[in-house]
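Engineer: Structure provided below as structure tokens; questions to follow.
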Amino acid sequence: MLRSSQPLTGPNRKRCREDETLLGMVLDEGERGFIIDTRSAQAAKQARMTGGGTEPKSSYPHWRRLHRALERGRPLQESFIKLVEACNDASITMDRWLSRLESCRWLSHVKAALSTACLAAQCLDREEASVLVHGAEGTDTTLLVTALAQVILDPSCRTLVGFQGLLEREWIEAGHPFHVRCARSAYSHARLKQEAPLFLLFLDCVWQLSRQFPFSLEFGERLLLTLFDNAYASAYGTFLCSNEKERCLCKVKESTHSLWAWLNQPEEKEKYLNPLYTHNALVIWPSVEPQSIQLWHGLFFRWIRSSQYLDEAWAEIQQVVGGN
Amino acid sequence: VENVQLLDRLSSRKAAVGTLYLTATHVMFVENGSETRKETWVLHSQISSIEKQATTATGCPLLIRCKNFQVIQLVIPQERDCHDVYISLIRLARPVKYEELYCFSFNPKLDKEEREQGWKLVDLNEEYNRMGIPNNCWQLSDVNRDYGVCDSYPTEVYVPKSATAHIIVGSSKFRSRRRFPALSYYCKDKNASICRSSQPLSGFSARCLEDEQMLQAIRKANPGSDFLYVVDTRPKLNAMANRAAGKGYENEDNYSNIKFQFIGIENIHVMRNSLQKMLEVCELKSPSMSDFLWGLENSGWLKHIKAIMDAGIFIAKAVAEEGVSVLVHCSDGWDRTAQVCSVASLLLDPYYRTMKGFMVLIEKDWVSFGHKFNHRYGNLDGDPKEISPVIDQFIECVWQLMEQFPCAFEFNERFLIHIQHHIYSCQFGNFLCNSQKERQELKIQERTYSLWAHMWKNRADYLNPLYRSDHSQTQGTLHPQMAPCNFLYKFWSGMYNHFEKGLHPRQSVTDYLMAVKEETQQLEEELEVLGERLANLQKSQLNDNKVKSKQQDRSKQFGLSTSNKNLANTPQEYSHDLKSFPSRSPSQEDEDSALILTQDNLKSSDPDLSANSDQESGVEDLSCRSPSGGGCLPSEDSGKDSDEAVFLAV
């Protein structure tokens, strides 16, 4: 699985031999590849007007392009804000709650993200074909798809340590601009242009997987909530800046502590482990039917409803499993 | 009928071909030529509706919808055969006499005494004793001993001591269907009670001295409170409309010291339609998130569930926090009243959250108090307007509570699902007829078997591994969050999409934890035995006695090792609108089909796209449900008795 940003085809349908050669080299003799473009075909076409575009079939004959429009940027942030508003609105009656939830569109975005990641995973696992994923910049929906696909495909990404590695690779080093994406979150009136909850969407999708495969992830909800918190505001330098270059310039590694170092301490670590975890060597294919996708209570109602009874249940589970 | 196709709901391409059989009690589909004999059995009593659809090139489609929400799509090659099957099923699914029902032919091979013992498992007298009755305020009345006062009530009713037979009879004449106020639950800590009745025949201005005295008697039976709540579970408008028909509700002016309250729960017709709409949403092919949420909201189903729950919470609070007694009624006092009283009791008393206690609760508030099982769940062919998912809603309320309080119930989701199944299956005699009187006349206990005994025998399957009777959650009253709480009500896909295995988590946490608990217990027992053995050896070193150690069965498979293909699941169709993948040859399947087919872990494939697009052929075809998988259906002695073995394909 490869990732990139969009090719700069532009309105004049420019070609680039090096790019074509590079992609050609990825494929074996007679092999076929898939390009998953996370923009709609329409949007991808329009991108040509501003210098971007898509890989033309003629120049990349062994690659087949699939479009899966994933929401990003401003509309995604709006979706997030609306959802948080709805969750905090005590005046909604039961007969309006679901339509209000629907109007936020957040769950649709979760469904779309999971579906696309599964598509990428299918290409690799079932079709045994290589996959190239890109959107426009290659820093948002692209990373969402590649990271999620790996959780689905690769059991080592589902371990605590493996998951941290995945985050480092596919989000932090890959250059997701945390600095601007995770700035003010949902309550701010500022409505910053660059803000968008892609990382939260990723965590939500991982939570959906943990619900559907309760034994297959070594970590639990608590880790996901901690990551969400730290992406926005942290005592650690792990999510600072927007890419490796900036981190170098700011001397992040020299002047801050790593979140991972703290999380991996034995006494901390056990709080994040899933007591039900057993190594599952197989691919985990989630259901993306609407009934299977649920609103992430633990996050969106975190401060609104007591988690006492659920926490007690987890303590019971720990006890039952631990006593063995 | 041969060469019948059984289609997967989501993909018309994944069809199994086999033979369809109709017997006196079941319709069965047996798949052709597979190594494992895959069978689908459906009880006629479970059939809710049969739809004959337009003939296509492949044959004549027949859609069978079941009361337990299973949907079976068949395609019968010859139109003639299809018609015959259709007509037969219509007749078979609508029995006219009780004797046609399965419970009268079902034979679990128990002797007469065992059958009797089974019926004695739940004893309501014992239950009222447990509550602390009779006492100086409450007593058993024999006024209805021959059903002379009210024929839909039990022979044994509990009333305040100060309510004489004269008062009871007088009151019964002033109540719809003569269902006078009687005790449902007594909270001895607070001396407060929950009583139930039907609506008073008050019209616009009628009064009845005895009825007023009856309510007074109930109030006085609670010396700690100077008033009584009267809760009418209907919407105010409906109750007012009833006045024009000579019925209505209690006027606070006429009844001394009552506080009257409407809690609007809609009627059986609204609920029937609500369920119908929700099931239509479940039948949508590859719905978007929007389709689903809008559809669910339009059905109003969760709103109704919440209304019932809120009513139960109100009553539980009145009793537990205010120490005030409550009289509950609706119109006839056998639907909403039953729902609300049982929810309140469940919240108040931890006993009802145990397995035995729950059985008792249903026997008390539903069976003995004359809930019209026959009319509501269509044991026999009757008026379709009487059909309504009343007890289903109560069962769902329990599930919603289980989700909020995972440690509070001794039983698990499977328990609830099996009970729901058997209310419609008519395999046991508990839920037949409309009243105790009718059941007695039919000699149900002598001619059929009790569900409770059967479930009790299998109770290991129904336990909640997180339940501990000494846990804080299990003790005392449950306090569900009142508001905001819309989001707490979830769609119960375990019930309404029960047969679509692909939608549910592949691995059951409940089963895993139960298995772990069992193994832990075994190990502890073994440890104990070894400890004793050691002590013995140490005591008598010269003794030749050999202590035989128990051979513990350690072959517990949790089924979670990676080599176990149980875990393998298959992808659904993730690319709805794309012609993505060219066809793959079947030989590329990477999982052992035969093995998968015996396990309940298959995901059915997904929507068929356009005619040209090809599916992910990695998706296997329909699986056979091994009953030992602890699965969806109350499979009785799996495999032991072919009568009971219920295999279902997904």
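Glycine residues also receive a Cβ, built from the backbone N, Cα and C atoms like all the rest.
Note that the structure is a prediction, hence the values are computed from the model and not measured.
TrEMBL lists these features:
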- B:C330: active site, phosphocysteine intermediate (ACT_SITE)
- B:N267, B:I268, B:C330, B:S331, B:D332, B:G333, B:W334, B:D335, B:R336: substrate binding site (BINDING)
- B:513-540: coiled coil (COILED)
- B:545-556: compositional bias 'Basic and acidic residues' (COMPBIAS)
- B:558-573: compositional bias 'Polar residues' (COMPBIAS)
- B:118-496: domain 'Myotubularin phosphatase' (DOMAIN)
- B:299-343: domain 'Tyrosine specific protein phosphatases' (DOMAIN)
- B:541-650: region 'Disordered' (REGION)
Engineer: If you measure the residue listed as 'active site, phosphocysteine intermediate' to B:N267 (substrate binding site) at Cα, how many Å is it?
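Structural biologist: So the alpha carbons of the residue listed as 'active site, phosphocysteine intermediate' and B:N267 (substrate binding site) sit roughly 9 Å from each other.
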Engineer: Around B:C330 (active site, phosphocysteine intermediate), how many other C-beta atoms are within 10 angstroms of its C-beta?
Structural biologist: 27
Engineer: Non-local Cβ contacts of B:W334 (substrate binding site) (under 8 Å, 6 or more apart, same chain)?
Structural biologist: B:S152, B:R179, B:S198, B:F369, B:G370, B:H371, B:K372
Engineer: Taking the binding-site residues one at a time (B:N267, B:R336), which has its Cβ surrounded by the most other Cβ atoms within 10 Å?
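Structural biologist: Of the binding-site residues B:N267, B:R336, the highest Cβ count within 10 Å belongs to B:R336.
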Engineer: State, in Å as a whole number, the widest CA to CA span among the substrate-binding residues B:N267, B:I268, B:C330, B:S331, B:D332, B:G333, B:W334, B:D335, B:R336 given in the record.
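Structural biologist: The substrate-binding residues span at most 12 Å between Cα atoms.
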Engineer: What are the sequence-distant neighbours of B:D332 (substrate binding site), meaning same chain, six or more residues apart, C-beta distance under 8 angstroms?
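Structural biologist: Non-local contacts for B:D332 (substrate binding site): B:S176, B:R177, B:R179, B:S198, B:Q199.
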Engineer: For the residue listed as 'active site, phosphocysteine intermediate', just give me the three-state DSSP call.
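Structural biologist: Reduced to three states, the DSSP call for the residue listed as 'active site, phosphocysteine intermediate' is coil.
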Engineer: Identify all same-chain residues not among B:N267, B:I268, B:C330, B:S331, B:D332, B:G333, B:W334, B:D335, B:R336 whose C-beta atom falls within 8 angstroms of the centroid of the substrate site's C-beta atoms; report them in sequence order.
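Structural biologist: The surrounding set, listed in chain order, is B:S198, B:T233, B:R234, B:T337.
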Engineer: Which residue counts does DSSP give the domain 'Tyrosine specific protein phosphatases' (B:299-343) for helix, strand and coil?
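Structural biologist: Taking each residue of the domain 'Tyrosine specific protein phosphatases' (B:299-343) in turn, the totals are 29 helix, 4 strand, 12 coil.
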Engineer: Taking only the residues in the domain 'Tyrosine specific protein phosphatases' (B:299-343), give me the average pLDDT of this model.
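Structural biologist: Averaged over the domain 'Tyrosine specific protein phosphatases' (B:299-343), the predicted model reaches a pLDDT of 97.
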